[in-house]
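According to Swiss-Prot, the region 'Disordered' annotation covers 1-22. Residues or ranges marked as active site in Swiss-Prot (evidence: sequence analysis): Asp35. Annotation comment: Swiss-Prot describes Asp35, Glu222 as Mg(2+) binding site, evidence class sequence analysis. Summarising the annotation, Swiss-Prot assigns substrate binding site to 36-40, Arg48, His52, 80-82, Trp84, Arg86, Arg203, 209-211. Here Swiss-Prot flags Asn83 as active site, proton acceptor.
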Amino acid sequence: MSRPLATSHDTTPSQLCPPELDGDRLPVHVAVIMDGNGRWAEARGLPRMMGHRAGVEALKSTLRLCSDWGIAALTAYAFSTENWSRPGDEVNFLMTLFERVLQKELRTLEEEQVRIRFLGDLDALPLKLQELIGDATERTAANDGIHFNVCTNYGGRRELVRAAQRLARQAANGDLMPEDIDENSLAAELFTAGEQDPDLLIRTSGEHRISNFLLWQLAYAEIHVTDVFWPDFNAEALKRALLDFQSRSRRFGGLDPLTP
């Protein structure tokens, strides 16, 4: 990346955060559905692949902003289990793009203390990409900066089925009593185990759906939808999303504290 991701040692996130935002009321964990790459390219008379390239730059910028502004975790929906149904040349391009970006950016991620994890059924990915993912995960595991989760070959329903199978296997082996299965034990079997659930979901391109993304984890997340295509998502768009988040009263199923 051309600029540092994480906050420098002599500058605090509160100093970098836009003054319109309350630095004490930022979401801890932001999730993004990066939609609109193809339409962004088509609107400019470009191949869809160019939209994906531009989308990578938007993701790099968003990661940098989240780190600088004091957001602890960013989870991005990069490639869903349904995306395999796209044209083969587009899928192949995306796999190659993932490989090239990892090879190019890993050193910077290490230097800036970003901890990166890839969430999903990774065994179905090309072998070279699997190796790069394993290397990146291992080399950044001890980093204490922003947590960057990249959902790759990920599907929320498949994740829940996988978790249920793992719990069933434990019960069948006598390691877990069925009546002891609770929310915590199921959450521990999800790809996101150990990560706080997202406080805010941002979806670009104006689509109002969650597309099989983090079905369990988004139970109490605030949702912000913007008409901006993902390649055009920038600091102003992120600030608007965070202002929207800070305008909400999060009740988690209860009453507003101000309600008599």
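Just so you know, glycine gets a Cβ as well, placed from its N, Cα and C.
Quick caveat, the model's predicted, so the values are computed rather than measured.
The recorded positions examined here are Asp35, Glu222; by Cβ neighbour count within 10 Å, the least packed of them is Glu222.
Here Gly38 (substrate binding site) is positioned 26 angstrom away from Glu222 (Mg(2+) binding site), judged by their C-alpha atoms.
Across the structure, Arg203 (substrate binding site) and the residue listed as 'active site' are spaced 7 Å apart at their Cα atoms. Comparing the binding-site residues Trp40, Trp84 by how many other C-beta atoms lie within 10 angstroms of each C-beta, the top residue is Trp40. Residues near Gly38 (substrate binding site) in space but far in sequence (CB under 8 A, at least 6 apart, same chain), listed by position: Arg48, Gly51, His52.
Here the CA atom of the residue listed as 'active site' lies 11 Å from the CA atom of Ile210 (substrate binding site). In the three-state DSSP classification, His52 (substrate binding site) falls within a helix.
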